[in-house]
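If you check TrEMBL, you get these features:
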COMPBIAS  B:1-17  compositional bias 'Polar residues'
REGION    B:1-23  region 'Disordered'
TRANSMEM  B:37-54  transmembrane segment
TRANSMEM  B:66-85  transmembrane segment
TRANSMEM  B:91-111  transmembrane segment
TRANSMEM  B:118-139  transmembrane segment
TRANSMEM  B:145-164  transmembrane segment
TRANSMEM  B:185-207  transmembrane segment
TRANSMEM  B:237-257  transmembrane segment
TRANSMEM  B:278-305  transmembrane segment
TRANSMEM  B:317-338  transmembrane segment
Amino acid sequence: MSPDARGTKAPPLLVLDDIRKSFGAVAALRGVHLELHPGEAHALVGENGAGKSTLVKILAGAHAPDSGRMTLDGHPLLLRGPADARSAGIAVIYQEPTLFPDLTVAENIFMGRQPLRSFRRIDTREMNRAAERLFDRLGVRIDPSRPARGLSIADQQLVEIAKALSFDARILVMDEPTAALSGVEVERLFGVARSLCERGAAVLFISHRFDEVFDLCQRLTVLRDGAWVSSDRTADLTVDEVVRRMVGRDVASLYPKQDAPLRDTLLEVRGLSRAGVFSDVSFSVRGGEIVALAGLVGAGRSEVARAIFGIDRHDAGEVRVAGRVLPAGSPRKAIAAGMALVPEDRRQQGLVMELSVERNATLARRRALSRLGLLSGGAERAEARQWTTRLQVKTSRLAAPVATLSGGNQQKVVLAKWLATRPRILIIDEPTRGIDVGTKSEVHRLLSELAGEGLAILMISSELPEVLGMADRVLVMHEGRLVRELSRDEADETSVMFAATGQGATA
Amino acid sequence: MSLTDTGVTERIANTSPPDAGRPRRRLTERLLAVRELSLLLALGALILVTMLHNDRFLSSQSIKDLLLGCAILVILAVGQTLVIITRNVDLSVGSILGLVAFATGELFLAAPGTPWPAALLLGVALGAVCGAVNGGLIAVAKVPALVITLGTLYAFRGIDYYWAAGQQINAADMPRSFLRLGNQTLLGVPVLFLVALVVVAAAGFYLHSYRSGRELYAIGSEPAAARLSGVPVGRRVFAVFVASGALAGLAGVLYAARFGTLDAAAGTGLELQVVAAAVVGGVAIFGGSGSVFGAALGAVLLTTIGSSLAVLRIDPFWQQAVVGALILAAIGLDRLLAARMAARLRGRSARGA
């Protein structure tokens, strides 16, 4: 029996009908329909700001819809809070991990549901064992008794997934769970999702990666600007068709890196090492060039970027900017030398969520914008306006807190912040993580433009098409070492993956 | 019907990276142990230095005095720890203590025959009511606890002054049996200190072993995530303020029993000592970590400093400076330990998974 046939016969498990939700004057959802069938994975796609995350929050019980009906098994479903959603069997994996840094991994998974022993005491040993069983199921190794603080984003995401699995959920909602995961981890996650489906659960999967969407899901719903566009079987759809529905227009070529004349070497890294993290990393980047740092999650790419920028100290080696040695361990000197770093985790490292768009955009430029030590509001606003316009940041007003923006627009604000420092070298970590197709190509066009203006760009990316489309040269890392350098012509999916997985490592 | 029984797991287990000898000991617990050990060392050094100067510092009488002296601060520090762990603070504890102490005296004036256990219960109840006022205001006004309890600090003290109207209650006004509670010893240990020990042990056990106890840490560690995990944040925070108030009430009754002489100024300024004890004891002021044992040790250390500086004949001014230096040293130590742990954890996650 094909999944399609099963889907049409079984009554839907969860039905959302004409769901509406507004935040102040902004309508986030304008009449959304969704039917989840038991045993089916259902994809939800749409550009950033299309309302996907709002819908997830409603399913999670974190937001109450303004109007509309929800039914579970044909009975009206009322969620007064996250606890209600939980007891209804809805588990959610959020886009941004929501962990307690001070508590252990196992406690994070079982908060409020810890296994108990006599006198209702928490059975810590059993809890750790249960967490280990979940990780075994996911095929990963994370120490359940370590604190969540300091986990990489991929590991945090895995803890979130383990948390959702621990519910034995009837409905599993995954809001871009794969953004930070490596290929193997994604495969395992999908294996778990499929086995949940086989047991009659329904999965709602949100992703910008179409290969994954078509791989996992039987049905697909498109949202655009908070409104429902279509729901179809994935078998009847093509990627082009889906993209057209998402953006409501044809998207220009996805990866438009233009050839730019190469200038002098701006960034030179020699023998950079940090004990236990990476060792003997050497490469250079010239003005006008985009160099991609590829590799699996955990290969040490972000750590190299942090060391180059001076956030972490390195044990050996040196970094030269335009021929001059950069003092180690000083981001301030790195900025002064014309370097900018757009970090991977923009929520924690790139933005002050409570501050306004304009404050964030000009955060790295305070000195230049101040007179006698006082920040000039006018200068700040003018500067912010210039960059937000150039980057097409969608915000109701510049004074709005960054937290109110969608993921793609937040990324643009981080970019604006660093571009405002007029850098010569731009290091950008996962430039389009969790960003919709439209914004993605805007970011790519912008990077290409910047290279054309003579910037040296070092781009860390886990998305192969992005690496292949954007990079003039590809450096591949594997377990803390630079194992391969590929020119644009040499680089293709096979050669990069071959090197990234450590096969035939000949640097 | 767990998935673990299927062949999938086996395949996964085979493809997973080799186990690189996972560390078994809980890092968080070790960090706390280090923190509490450093407090004990500081306490030991302090006692040693003082003893070298005056060997009667460790006589059984002065130890008894010391334990008696720190008992009330320890009880308050436990309540404060519960509050601080949830990323809040209770500045009204000194005023609650003063109000309850005076109320206890008034109770014995009005009804001299009241048995002391009844007085104790009434005092705890009055403290809990004050705590409920704090918790209720915080829940309704949605204003940081710092501001609310700063307000109630003055409000409760004001009620105390209005009630007392300049009058003083003396030991003679209170029954013997009650006053004995304040100075009696059991096997050489002051009863007051035993009460404090029981409070510390109970709160420590609760925080470590009960779901709602762990939820307090979750709330302080990441309030938004706690809400998403279905933790009843509002209810827990309210309960924590009631508990802090009740413990301040208990401390108030014990204060009355110990000193006998009461006016409206009892316990003035105590709140900052209590917060200092918690911070010195390693309770993170932004919530999410720390233990009542640490806070209790912090309270003992602060009390000991007070009496040993007196023995060493050091100007009381320096006592304040020493306490200040100690707070800064404690924060420095916390930062150092946190940085070292972060480095180790980062290294581990880069290699693993």
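Keep in mind that glycine also has a Cβ here, set from the backbone N, Cα and C atoms.
The stretches the transmembrane segment (B:66-85) and the transmembrane segment (B:278-305) are in mutual contact, each linked to the other by at least three Cβ pairs under 8 Å (pairs 6 or more apart in sequence).
Taking every listed stretch (B:37-54, B:185-207, B:317-338) in turn, the largest tally of C-beta pairs under 8 A with the transmembrane segment (B:237-257) is reached by B:185-207. Remark: the transmembrane segment (B:91-111) contacts the transmembrane segment (B:145-164), by the rule of 3 or more CB pairs under 8 A. The list of residues near the transmembrane segment (B:145-164) in space but at least 6 beyond its ends in sequence, with Cβ under 8 angstroms from a Cβ of it, reads 83, 88-92, 94-96, 98-99, 102-103, 106, 130, 133-134, 137-138, 237, 241, 263-264, 268, 271.
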